[in-house]
Amino acid sequence: MTSTEIRQSRPVSFWCSIRVAVAFVGFLGMVAHYSQKISVGIALVCMVNHTAINQHKYSHAIPLTQADIDCPRANNTVKIEGPYPWTKNIQGIVLGGYFWGYLITEIPGGYLASRFGARFIFGIAMIISGLVTIIMPWGASLHYGVLWFFRLIVGLAHGVIWPSMTVIMAHWAPPSERGKLVGFMNAGAQIGNVLTLSIGGLMCSWNFLGGWPLIFYTTGIIGLIWGFFWLLFYTDSPRDQRCISNDEKEYILESTQQQLSSHSKNEFEAPWKAILTSPACWALFIIHTCNNWGTYTFLTSIPKYMAEVLRFDIKSNGLLSSLPYMIFWLNINISGVLADLCIRKKILTRTQTRKFFNVLGNLFPAIFVIGLAFMTCKLKYLAVALLTIGVTFTGCCYGGGFMLTANDIAPAYAGIVFGISNTFATIPGIISPYIVGALTEKDPNNWRIVFFICAAIYILGMIVFLIIGSGEIQPWAVKHPVAPVPEQVPLAGPSTTSSTKPTTT
């Protein structure tokens, strides 16, 4: 009986395993990553001096909006005034700074993680971003341009993280468990959103250390601690992990190394032309970009929408802004389990599974976003319900949809493919804050246009992936170094074999 047959009759433990421990530590890393990423979004609500901005507006005799009529300023949500009279355009610049840095390091991060491993790249990135996040309150006190620059540095550090995550899962997640492990690890991003939005809103109302600076101090310190722990705990291959059992090590290696063994660090070559001309890759690039438009619009602008349109106070703002991401997290994990089940039970092929979950993660958010466009402060709790349901369905893409596609179609090059994809998908993070600021600067009623744009882009990405998307390994992504040998045998006939025999001896 072979070792594989023995393990099939005696399954390797899942819950008490190192691969789950790797996913859990990765989950905590994503919590730290997204808590830093979203920190400015909630902090700006209480850093800005809204009274000074409004006085400037009123000096230009801007008429009352419908929101002012329906929900008078006596019930205005913004009761905490910060020290900075930054207009919405300036706030959009500050929010966008992060994504300029994020855009630059995606592809280099994917290449380096694929070639040299994700241990140092991920760990050092979090240490750098943690240090810079801690000094952001000081930077803001100098000039908003300094804060923008610090956010740029954090974006540069964070740009390597998602490509690193795909490399980690290429080495540690057996294909039959990929949905569960990748979904669970990715779900840490949503917990980071939940914690920062909810606790950050409360911190704004505290008097300790100025209130809002605590958001940066806390998220920075968490990132520092996690980065050092990651360097101590993680290894780039199960072969090097000291605490893993032999059974689990062999199980993971047999499940993953068939796709990776031919790519050594010294001989690693990325098939750039094949990647950039592959329809399967472009389907991933497009749906990832379109889905991220909605994700980044909500991620950076939900606190402002809650304050300006729905008129929630700052404490309620933080808690309610985090609610969609709490359910989002739950749906990612459920989707991962269901996607694995569909593939394992052969209910759907891998490609059909990815397309099905992408439809759920784009069509339903589009529908609910359209409904959100017609909400007012009089229907603010219904608006929160629509927002929560719409964002929740996006989790289907993370647990069973396009977020796993890079590992599906090119496991050995997953970091590079995802790095390119996330580069395109970062562009909405740069453009969206500017568009939201420009549309809503003079008239909050223009939030309706923001939501219509989101819905149209969601649908576009879904249609493209339905037409050309795939979940199968692409021919260019697999190398077979021994393949030429059997091809030469039939070509050499008996006479050639006999003639070469004396030479080989």
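Every residue gets a Cβ built from N, Cα and C, even glycine.
If you look up TrEMBL, you'll see 21-473 marked as domain 'Major facilitator superfamily (MFS) profile'.
TrEMBL lists 12-34 (among others) with the feature transmembrane segment.
Annotation source TrEMBL lists transmembrane segment at 93-113 (among others). Through the fold, the transmembrane segment (93-113) approaches residues 37, 40-41, 44, 86, 121-122, 125, 144, 147-149, 151-164, 166-167, 270, 296, 300, 415-420, 422-423, 426-427, 429-430, 433-434 of its own chain, all at least 6 residues removed from its boundaries and within a Cβ separation under 8 Å.
Through the fold, the transmembrane segment (120-140) approaches residues 29, 32-33, 36, 39-40, 47, 84, 109, 112-113, 146-147, 149-151, 153-154, 157-158, 160-161, 164-165, 168, 210, 212-213, 216-217, 219-228, 230-231, 234 of its own chain, all at least 6 residues removed from its boundaries and within a Cβ separation under 8 Å. The transmembrane segment annotation in TrEMBL covers 120-140 (among others).
Per TrEMBL, transmembrane segment is recorded for 146-170 (among others). Same-chain residues lying 6+ beyond the ends of the transmembrane segment (146-170) with a Cβ under 8 Å from its Cβ atoms: 22, 26, 29-30, 33, 36-37, 40, 93-94, 97-110, 112-114, 117-118, 121-122, 125-126, 128-129, 132-133, 135-136, 139-140, 178, 181-182, 185-186, 234, 256, 259-260, 406-407, 411-412, 414-419, 422, 426.
Feature annotation from TrEMBL assigns transmembrane segment to 191-209 (among others).
According to TrEMBL, the transmembrane segment annotation covers 215-234 (among others). Within its own chain, the transmembrane segment (215-234) has Cβ neighbours under 8 Å at 22, 25, 28-29, 31-33, 35-36, 39, 42-43, 118-120, 122-127, 129-134, 136-137, 168, 196, 199-200, 203-204, 209, counting only residues six or more beyond its boundaries.
Distant neighbours of the transmembrane segment (281-302): 37-38, 41, 95, 99, 193, 197, 275, 321, 324, 358, 361-362, 365, 369, 387, 391, 394, 397, 401-402, 405-406, 409-410, 417, 420-422, 424-429, 432-433, 436, 450, 453-454, 457-458, 460-462, 464-465, 467-470, 474; these residues of the same chain sit at least 6 beyond its ends, with a Cβ under 8 Å from one of its Cβ atoms. Annotation source TrEMBL lists transmembrane segment at 281-302 (among others).
The transmembrane segment feature in TrEMBL is assigned to 322-343 (among others).
The transmembrane segment feature in TrEMBL is assigned to 355-375 (among others). Proximity of distant same-chain residues to the transmembrane segment (355-375), defined by a Cβ-Cβ separation under 8 Å and at least 6 residues beyond the stretch ends, is recorded for 287, 290-291, 294, 309-310, 335, 339, 342, 348, 382-383, 386-387, 389-391, 393-402, 447-448, 451-452, 454-456, 458-459, 461-462, 465-466, 469, 471.
Positions annotated as transmembrane segment by TrEMBL: 381-405 (among others).
Sequence-remote contacts of a segment are chain residues at least 6 beyond its ends whose Cβ falls under 8 Å from one of its Cβ atoms, and for the transmembrane segment (412-435) they are 89, 91-93, 95-96, 98-100, 102-103, 106-111, 113-114, 118, 159, 162-164, 166-167, 169-170, 259-260, 262-263, 270-271, 275-276, 281, 284-286, 288-289, 291-293, 295-297, 300-301, 406, 450, 453, 477-479. Annotation comment: TrEMBL describes 412-435 (among others) as transmembrane segment.
Among the features that TrEMBL reports, transmembrane segment is placed at 447-469 (among others). Here the transmembrane segment (447-469) has Cβ contacts under 8 Å with residues 279-280, 282-284, 286-291, 293-294, 297, 301, 305, 308-309, 351, 354-355, 358-359, 362-363, 365-367, 369-370, 372-374, 402, 405, 435-436, 439-440 of the same chain, all six or more residues outside its ends.
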What average pLDDT is reported by the model for the domain 'Major facilitator superfamily (MFS) profile' (21-473)?
84
Distal contacts, the transmembrane segment (381-405) - CB-CB under 8 A, six or more residues away:
178-179, 182-183, 186-187, 190, 280, 283-284, 287-288, 291, 294-295, 298, 302, 309-310, 320, 323-325, 327-339, 342, 353-354, 356-358, 360-362, 364-365, 367-369, 371-372, 375, 465, 469-471
